[in-house]
Amino acid sequence: MGSASASSLPASAGAGENLVLILDFGSQYTHLITRRVRQLGVLSLCVSGTAPLASLAGLRPRAVVLSGGPHSVHASGAPTFPEGFLEFAAGAGAHVLGVCYGMQLLVQSLGGAVEAGEKQEYGKMEVEVTARSSALYGEGEVGKRQTVWMSHGDEVVRLPEGFEVVARSVQGAVAAVENREKRFYGLQYHPEVTHSPQGMETLRRFLFDVCGIKADWKMQDVLDEEIRTIQSMVGPDEHVICALSGGVDSTVAATLVHKAIGDRLHCVFVDNGLLRYNERERVMLTFESDLHLPVTCVDASEQFLSKLKGVKDPEMKRKIIGREFIAVFDDFAHKLEQKIGKRPGYLVQGTLYPDVIESCPPPGSGRTHSHTIKSHHNVGGLPKDMKLKLIEPLKLLFKDEVRKLGSILNVPESFLKRHPFPGPGLAVRVLGDVTEGNALEVLRQVDEIFVQAIKDAGLYDIIWQAFAVFLPVQTVGVQGDQRTHSNAVALRAITSEDGMTADWYYFEREFLVDVVNKICNNVRGVNRVVQDITQKPPATVEWE
């Protein structure tokens, strides 16, 4: 887990705004805190907890949340906020809330004591409010209990001067602390997860009652701010290329940039040979008839597939695809230069906040580069000598926020509800060499049957993402009274809010029976279908 750099903060996050900074110390839930705050109508931004203090210069956040993390405050190399941070927060008049590891870090930094707990607390746990008057829980809550999500081995054993325990776990561990005078607060549990049912109410109380923040962050403001940013970045006679993938992200990004600079935007849709069934025809029709975006379609399938031949490593496939995309865009820019007499200087990409977060180094890892879950096509596959400068207007937004932005921009609802599709396309859904045999064609047919069945059953909008995976495995079967030795495919359907965490979708038995029959009866070369029922984590959404 990583975080956005402070240099990527928008102007709207500047002094005077109702800004909440989330300092990331490596918790898998950090992005959830960011989302929960935004859901309450407050701008929140996630930055590395170990970022230099100078990178926060000019920001005067109304609140700072110190995230949880997988570390012990006693461990060698455990992440900590930069020297002078607490003075910076005090000077900004900010309230500081430590969550889990963040609370322990705050307590230890202020002279308290944290030790390994006699009883480690993981999972659901009850906590009891112990203070008659509490900023985090309100008046008259003493003695009341609530279920929360714990995840800690260390515990606070001595408080710094001026602190008060306001809640304890049923095992007696410190669960919440306050120093109202100094504006320091701490929760040993995670209020941001759904396993803490009253956690959102605690966050709401902290933001609005304790910090006095106003819920004034709106998607219209994001749109206006991004348009101003693009117009100031791109000169009045400069041109921009937009790489359209046919997905929601790049389409919304293109529509936004088009609104900012008009016909100086030139869109290109690349058929890389890794698209879904009839994707090229369907997408181009939508661009022309519904979105009215000027798009040039480039067929580069042979170029991509020839470079991917024999390549089995997932990271290598992503890097190759990223390089070839940029090569296509450079070639497109050269031809455009001959046409309009000026070389475009910018490339638009629909990079989202989760892409940035998952591709950054985890705090406390000791690495200057990410121990990546996987490099994202948008942010991880770009060559260092790329000639085009990047415009990424969505890089601080989550997927649901992009859809809200698209709605404001009048992108058709049917298009906004499309399931996400990975930048590298079917290359990450054909395990191993994508050019081997007829794997791509088989996968296209299976995927089309699966997704169409989901649409026919009225489940498409309920499911976050559904797709098929081609497995490099051949299994024995019986088809038409004959022994077969054919391919196996996997079906994956998930529910999620933002793709950062996900659960598998439970289909009725009749649905699965029907889909499997259709696949095995209509797709030559497939005799076995399995379903992926793994959550994220531990798995990622895509198989590669």
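Cβ coordinates are placed from backbone N, Cα and C, and glycine is handled just like the others.
Annotation source TrEMBL lists domain 'GMPS ATP-PPase' at 217-418. The ATP binding site feature in TrEMBL is assigned to Ser245, Gly246, Gly247, Val248, Asp249, Ser250, Thr251.
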Other same-chain residues whose Cβ falls within 8 Å of the Cβ centroid of Ser245, Gly246, Gly247, Val248, Asp249, Ser250, Thr251, the recorded ATP site, in sequence order: Leu244, Val252, Ala253, Gly350, Arg418, Phe421
Residues satisfying Cβ distance under 8 Å from Ser245 (ATP binding site), sequence separation of at least 6: Phe269, Gly350, Phe421, Gly423
Candidate with sparsest Cβ neighbourhood (10 Å radius) among Ser250, Thr251, the listed binding-site residues: Ser250
Cβ-based isolation winner (fewest other Cβ atoms within 10 Å) among the binding-site residues Gly246, Gly247: Gly247
Neighbourhood of Val248 (ATP binding site) by C-beta distance under 8 A, where only residues 6 or more apart in the same chain count: Gly350, Lys399, Val402, Arg403, Gly406, Val411, Phe415, Leu416, Arg418, Pro420
Local Cβ density at Asp249 (ATP binding site) - other Cβ atoms counted within 10 Å: 23
